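Below is one structure; the comments refer to it alone.
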Amino acid sequence: MGSLQTNSGPLTPTLSKTTSDAEKPQDVDNVAEKENESGGAPSPEPPTPSLEPSSPEPEKPHGLQMILIMSAVLMTQFLVSLDQTIVATAIPRITDEFHGLDKVSWYGSAYFMTFSGTLPCWGKALVYFRLKHIFLLALFVFELGSLICAVAPNANVLIIGRAIAGLGCSGVGTGAFLFVALAAAPRRRAKLLGLVISTYGIGAVCGPLIGGGFTANVSWRWCFYINLPIGGLAALFTVLSFNVHVDPLPARFSEKVLQLDLGGAAVLMGGIIAFTLALQYGGQTMAWDSSVVVGLLVGFVAIFAAFFAWEVWQRERAMLVMRLCAQRAVWVGSAFQFFYGASYFVGLYYLPIYFQSVRDVSPSDSGVRNLPLVLAFGISSITGGLALSRYGYAVPMMAGGSCLATVACGCFYTLGGSTTTGQWIGFQILAGVAWGVCWQCTMAVAQEGQKPEHLPSITSIILLFQILGGAFGISIAQCAFNNTMIQNALSNLPGIDASLLLGTGATEIRKVFSAQEIDGIVDAYIAGLRVVWGLMVGFAGSAFVVGLMSHWRRLYQDPDSKPATQHMA
């Protein structure tokens, strides 16, 4: 495999320092060589020319150029997070227009399927093709999908548009993090990642608020139209400012296509579909021991076993390169993000349901009540990035944040109809601080000391597991919530129509069910939500345990003063 070349110039910074031996993780060096000495299957990489430029390292972007780069990154991250949550509040109005509850789940599933399934493919594309060109292509695909959704004449076209938007959004998210890694010096990177994560969290929580406002006052189609001008401005800033030239790895076009591992992406998406459908049907429309549900679960296991075997066989062409995944910083970071992402996305999804069903507020009002979470997450993300940049120790932040998140999720378990305003505000502030303080830590640890050609793949691997955690977490939570809610409702209200309960939106239950039934329905919602909060405790607690396995070393050290692998006392 060839080396990723960097062009030197006044406005074309490189990452030459990332290849110095002093900044490499100790247990990462020569992984391929160790595997071959022990008889492992992977073959060593061919020798690569030095990434050090012949002239001194040029200055990193600064001033107006850096402002434009970060503006483009923040706008795209806001769009990525906004697009993941803004549709939820528009779904009731969409079903009114398209007359079909049976396709509701696919509005989100189609998006997350292509988003998660193609993340590593985009990471490979950013290495083997021009970085700026691939980023702009991904942004164009996302904008095209948004436009298709905005003008969709029926549910099928809307689902296709959501799948296309997820495909593009996947590349935009990966490219934005890579922009920060390439444009910023290592010590500044943590601060900027904190800002990026803060913007992501704000967009995710503001999505229901903005979507509710558009749906109630204009049209649900504006939930998708809003992406067009923001994405266009981000593209303009990217064209004008991003001059960090990184030459793609040299290879024939056919080899570049094989490196994308499109077959692996297809198998991964098949596994996600099987798992989602199994939990969607199980205990709700079909019995758990039905042939369809059992077949889907068996198929899910078989597909992921085949996916793992395929990735091992593909070696350097795999979307999950095992040589990189074996690095401690990568596999720990991926596992941490899987559980932490599950906790975060489930909370983000079900807190509005609590406010809309139990507290009887509108979608837009539930967005307003999520503002404590938004503000705490944003401030904590920025503060966490500054602290990581200043002190360089990631593990205490990961352990502290996930431990605090476990406590916050336990507090959510007490939410009910009589919860005071001070309590639900305080719980959300606690959760926002916990989720925000350590979100960027795993990315910073994994990117530290890596070669430039490995940054896109490592970034996309960690983002993949974050999104997979959210997708699987929401599927598990949805299944547990629906089954518990149905069982509780049937126990308290024997004559209730379970299919009607499942098909009624959280804001519509008081319109559909009688006054005599509504108290039992609300109790059923609370029972279902408590199972969800319990799952969140488990997810956050698992993240805490995994976080303790990360590197206990100080990041961003000056190689001339102290060794990069100094450990905590």
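Placement of Cβ uses the backbone N, Cα and C atoms for every residue, glycine included.
What TrEMBL says about this one:
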type	residues	note
REGION	1-60	region 'Disordered'
COMPBIAS	1-19	compositional bias 'Polar residues'
COMPBIAS	20-37	compositional bias 'Basic and acidic residues'
DOMAIN	69-569	domain 'Major facilitator superfamily (MFS) profile'
TRANSMEM	104-122	transmembrane segment
TRANSMEM	134-153	transmembrane segment
TRANSMEM	159-185	transmembrane segment
TRANSMEM	192-212	transmembrane segment
TRANSMEM	224-246	transmembrane segment
TRANSMEM	291-310	transmembrane segment
TRANSMEM	330-351	transmembrane segment
TRANSMEM	371-388	transmembrane segment
TRANSMEM	395-415	transmembrane segment
TRANSMEM	427-446	transmembrane segment
TRANSMEM	458-477	transmembrane segment
TRANSMEM	531-552	transmembrane segment
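Recorded stretches compared: 192-212, 330-351, 427-446; the one with the most Cβ pairs under 8 Å to the transmembrane segment (371-388) is 427-446. Same-chain neighbours of the transmembrane segment (531-552): 25, 328-329, 332-333, 335-336, 339-340, 342-343, 346-347, 350, 393-395, 398-399, 402-403, 405-406, 408-410, 412-413, 415, 434, 438, 442, 445, 469, 473, 476-477, 480-481, 484, 567-568, counting only residues six or more beyond its ends whose CB sits under 8 Å from a CB of the stretch.
Using the rule of three or more Cβ pairs under 8 Å, pairs at least 6 apart in sequence, the transmembrane segment (330-351) is in contact with the transmembrane segment (395-415).
Listed by sequence, the residues of this chain that lie at least six past the ends of the transmembrane segment (104-122) yet keep a Cβ under 8 A from its Cβ atoms are 83-84, 87-88, 91, 94-95, 134, 138, 158-160, 162-167, 169-171, 173-175, 260-262, 264-266, 268-269, 272-273, 276, 280, 319-320, 456-457, 460-461, 463-464, 467-468, 470-471. Against the transmembrane segment (427-446), stretch 395-415 shows more Cβ pairs under 8 Å than any other of 159-185, 192-212, 291-310, 395-415, 458-477.
The transmembrane segment (458-477) makes no contact with the transmembrane segment (192-212): fewer than 3 of their CB pairs lie within 8 A, with pairs spaced 6 or more apart in sequence.
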